[in-house]
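Listed features, source TrEMBL:
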ACT_SITE  D92  active site, proton acceptor
SITE      R27  site 'Important for substrate specificity'
SITE      T93  site 'Important for substrate specificity'
SITE      Q178  site 'Important for substrate specificity'
Amino acid sequence: MQTVFQYQKEGDREQISTYVLLSNSPRRKQLLGFLQPQIASVEVDERGIEEHFMKQFATDDFLTRAAKTCCEISKAKSDMDLVTGHLYISADTIVVSDGKIFNKPQDLTEAETMLRSYFGKSHYVVTSVCLRTSHSLDVFYTVAQIDFVDYYPALEEAIQSYIHDKQPLDKAGAYGIQELDPRFVAGISGDIHTIIGLPVAEVSRRIFGSGKK
């Protein structure tokens, strides 16, 4: 299963002195701790962008449409005044299940509906990343597949506990993989950090390794 896909790459990256994470996510901040990034964020109309680009990419299969749209959201988050020597890192995560995009749930009822829908099936998590400087742009996305076990009644208490105790409203698809009861998940294909919200190994490779321009 291919897990890393290039979306857009332009320009030559200049020497970087400062890293800026365009996210308030504590999970992404923790994953990028080795960069000691500054933290900033830009509010974007994610639902509006999603609606526009899902139509624009209508000829692609649903997962690809969703992933490309996710990339456009990451790009939009970095649409700001860029300082030379700064590398701006933005990201977006979505869950794709049953031909639908699951973003952050609006309330606990929607969160529970999302979580229950995963049992007995596979779904995908897509995280897009935009690495942007004043002279370059590198946008890519990673995909992971998660298989949930078939539902059985002994899981009910754990489902209710997760919904009411683990703050599912701030997570795409209503869950954080690191917080789920381990009995829920039958298997994972791909980078678990894609599911957490930032494929940090791929980000590091593109900044410091063979992906650097």
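Glycine is no exception: its Cβ is also placed from the backbone N, Cα and C atoms.
Here the features listed in TrEMBL are placed on the structure.
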residue : record                                     : contacts (Cβ under 8 Å, 6+ apart)
R27     : site 'Important for substrate specificity' : G176, I196, G197, L198
D92     : active site, proton acceptor               : E46, C70, C71, I73, S74, K77, T127, S128
T93     : site 'Important for substrate specificity' : C70, V125, V126, T127, S128, A172, T194, G197
Q178    : site 'Important for substrate specificity' : I196
DSSP state at D92 (active site, proton acceptor), helix/strand/coil: strand
